[in-house]
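Over in Swiss-Prot, the protein carries these features:
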{"type": "SIGNAL", "residues": "1-30", "note": "signal peptide"}
{"type": "BINDING", "residues": "Asp111, Gly129, Gly246, Ala247", "note": "D-glucose binding site"}
{"type": "BINDING", "residues": "Glu149, Asp151, Asp159, His166", "note": "Mn(2+) binding site"}
{"type": "BINDING", "residues": "Asp151, Phe153, Asn155, Asp159", "note": "Ca(2+) binding site"}
Amino acid sequence: MASLQTQMISFYLIFLSILLTTIFFFKVNSTETTSFSITKFSPDQKNLIFQGDGYTTKGKLTLTKAVKSTVGRALYSTPIHIWDRDTGNVANFVTSFTFVIDAPSSYNVADEFTFFIAPVDTKPQTGGGYLGVFNSKEYDKTSQTVAVEFDTFYNAAWDPSNKERHIGIDVNSIKSVNTKSWNLQNGERANVVIAFNAATNVLTVTLTYPNSLEEENVTSYTLNEVVPLKDVVPEWVRIGFSATTGAEFAAHEVHSWSFHSELGGTSSSKQAADA
């Protein structure tokens, strides 16, 4: 009898060991994904959180109208698991969107349009040159924010000395860690792809004007920078857009948006249907 009990205990211990090993293997080797695609914005776009002057109309996301001193933001409603505390793994992601900046005058345009990654409880920050995302030109690790800015107005306190419009990568500060001069094509649709490679920590930004009529101008731009996301942003984040105007202004519109991320070593998946 004792021998049978011993055998049963041994069996259950072996079974428990195999079960725990299987669960651990599944957790380590599975991938958590988040995906969504918005090809046309609806008036009651339920998977967006609007802040400030942001709203949807006529199939577009409007962040600002061409009026002075406005801030408009829109966030994806579901938080994104951008890195995993248990495994230390960081997500690969790619997001693509089309946007238009349309100003009454091509010479007097302001201020900024940006895609950003921020804490889940993010709120609109200082407007004007601060994107509605930051409050200071100084590095502030408590900001926990990464932004890709499309800057149409020169701010001497932090912008590149060449005074050109530019694409910038911002890490916890409005002062970009890297920039690329950019020729705004007023009223033209721009296609943007932003990709993050978790193996190299390289964030890559590409902007193209597919329908440009300005043949003499550069119509494609690429910018890269090493951004250690795990050291900058929280484990769970929100992603979204922000745009601002000041004394000068422009309408800032997003016409489509898609996002896909993959985080290894977790065990859940979130998929959002096309909207």
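Cβ atoms are placed via backbone N, Cα and C, with glycine included.
Calculated from their C-alpha atoms, the gap between His166 (Mn(2+) binding site) and Asn155 (Ca(2+) binding site) amounts to 12 Å.
Note on proximity: of the binding-site residues Glu149, Asp151, Asp159, the one nearest Asp111 (D-glucose binding site) is Asp151, by Cα distance. Ranked by CA distance from Asp159 (Mn(2+) binding site), the binding-site residues Phe153, Gly246, Ala247 have Phe153 at the top as the closest. If you take the C-beta of Ala247 (D-glucose binding site) and look for same-chain residues 6 or more apart in sequence within under 8 angstroms, you find Lys68, Ser69, Ala110. Between the CA atoms of Glu149 (Mn(2+) binding site) and Gly246 (D-glucose binding site) there is a gap of 16 Å. Closest to Gly246 (D-glucose binding site) by Cα-Cα distance, out of the binding-site residues Asp151, Phe153, Asn155, is Phe153.
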